[in-house]
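A quick write-up on the structure given underneath.
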């Protein structure tokens, strides 16, 4: 019965109308087309929304937001502000200083805002004169070998290439640098001079902060005199004592869904679960640790050779580049803060900027737990600056603790001395301060607002992509020392790396977020050019990559120039790292000469600088007669300076030049990238 009915129905349909009519086909095509465009539009939007997955966001902005927020002049005018503080920052210090200046502006009836020049149309500086009693302040760091920071690069180039009329612009500049480097505060000095050349009015002389000494003291001293100059220039007076106004307000996020809570990501929520190329400072690659082995043969110190697996990441590096490693604080220190403040570290919270016009909505990715913030986002191991001590005063219930905090926060000679001795000399971090001032119990959310961001650590890459295209090698000394208060301080990154030991293939390998930072530390374009490499200790790292690259070229049948390496360490049988590799390169002819200095293997200490002085003829032959390249990597404070002095002396004596001629010769080498330094203090 059912079969006969089925046949009958099918027969009727066939005889009366085709199964799919022309109209059906047309409708189907329309539906598919609409669905196609809807799907890909939605996909594009969802891709964008993944960068901003929740209304409480980290500080990164979408391109649309940057465009709408690029006019800082409009913001100043619409909000009745007259002070804007720009920052050029690589590690966050300049940004922190900028925030402190903007906050203090209220004491002088100058409502301020902090601005990132990368997110602003700096050509709008010409319109600052339209705002009554306006002032632009620049907190600018010099980075690398006299370079602007990444976020100040466009502004720097605009000043170099433009000729804007900045008459009517009132400004002041504070530079952040390090005297152990040759190009001390070079960018800040240039900006200060260039603004004046373009017609702007300097309200206060430039301040030069030295991070090798006490940059906090330099900044505070300059800032106090700055406000004196501002009062004199504008004919205004200080309104009274500074009040501790919170920049961020606490938001309870206990009801936020777990999938909307940050757990250590730098910018994009769930970025470590859904990795996307390209990888950079805001989007690091979660790399597996492929190799982690000890390089020292004996002794109580440790030096690690670590290999990061980048296979499948599409990441590319060049010999001489740096790799940035994102560390995390030890759980022991994090738990200690929770214990000292009697706080629930697993509570979910957010800090929201009280300034609705600010492009930086949060100090770090929010919402998250306090444990996450203290582990991944906040620096809890460095010495706190004086402004943190000032904010802690109100939380001290014991008069003695309050007085001590107040003294260290002051700018008096006694206060500076106490801060230097108790904080800097004794090397106290925030955990130690809370332990030693037991009545100081700050609100944990306020402490999270005050502490600076935990920064990534940079390491010279000690491999060549020609030989190791799927991995990045670094050479890192484990930092571990006892402070004057008999506490053991540990390097945040190196102690984390020391724990990341690869297991067998059946278990998940340890991982850590990384990205590649480009460098100007490069081999000569021609492989035939001879080079001299000076790298004691872990200063050998980039030269290991140089040697690998030249060895690769030699094996390909290409002609390579002479390679001379100066390496030094304490003892040959203790910390002569990569000894077998170097001896092999000497044996096969890639490494022409290997000069070794073992400082403690004989009664009188012997360093690479002593060997350089003994080999003046060889040095001049390569850098003078053969126009070779010279490279220095390692300590900037003493070794690099000593090398520079020796090279100038060799050029004088062997090149038969006066001191000024020799200095100019070496300067020209630097300009031609024939004399390059990759140093740290």
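Including glycine, each Cβ sits where the backbone N, Cα and C put it.
Please treat TrEMBL annotations as automatic predictions, because they have not gone through curation.
Here TrEMBL flags 89-94, 141-144, 176-185, 211 as FMN binding site. If you look up TrEMBL, you'll see 301, 538, 599, 600, 605, 606, 607, 608, 609, 642 marked as NADP(+) binding site. Taken from TrEMBL, the feature FAD binding site covers 457, 458, 459, 460, 475, 476, 477, 481, 491, 492, 493, 494, 680. Residues or ranges marked as domain 'Flavodoxin-like' in TrEMBL: 83-227. Here TrEMBL flags 282-524 as domain 'FAD-binding FR-type'. Here TrEMBL flags 20-39 as transmembrane segment.
Counting only the Cα atoms, the space from residue 92 (FMN binding site) to residue 459 (FAD binding site) is about 18 angstrom.
Cα separation, residue 605 (NADP(+) binding site) to residue 477 (FAD binding site), rounded: 21 Å. In this structure, the C-alpha atom of residue 607 (NADP(+) binding site) lies 18 angstrom from that of residue 680 (FAD binding site). Within 10 Å of the C-beta of residue 92 (FMN binding site) there are 15 other C-beta atoms, taking all protein chains into account.
When every Cα pair among 457, 458, 459, 460, 475, 476, 477, 481, 491, 492, 493, 494, 680 is compared, the largest distance found for this FAD site is 23 Å.
Separation of the C-alpha atoms of residue 184 (FMN binding site) and residue 477 (FAD binding site): 27 Å, rounded to the nearest whole number. Cβ-based neighbour count (10 Å, all protein chains) for residue 178 (FMN binding site) stands at 21.
Checked against residue 301 (NADP(+) binding site), the binding-site residues 89, 144, 457, 477, 491 differ in C-alpha distance, with 477 being the nearest. The distance from the Cα of residue 477 (FAD binding site) to the Cα of residue 599 (NADP(+) binding site) comes to 18 Å. Cα of residue 89 (FMN binding site) to Cα of residue 609 (NADP(+) binding site): a distance of 34 Å. In this structure the residues listed as binding NADP(+) are 301, 538, 599, 600, 605, 606, 607, 608, 609, 642; their two most distant Cα atoms lie 26 Å apart. Within 10 Å of residue 609 (NADP(+) binding site), as judged by C-alpha distances, no binding-site residues are found among 141, 144, 457, 459, 491, 493.
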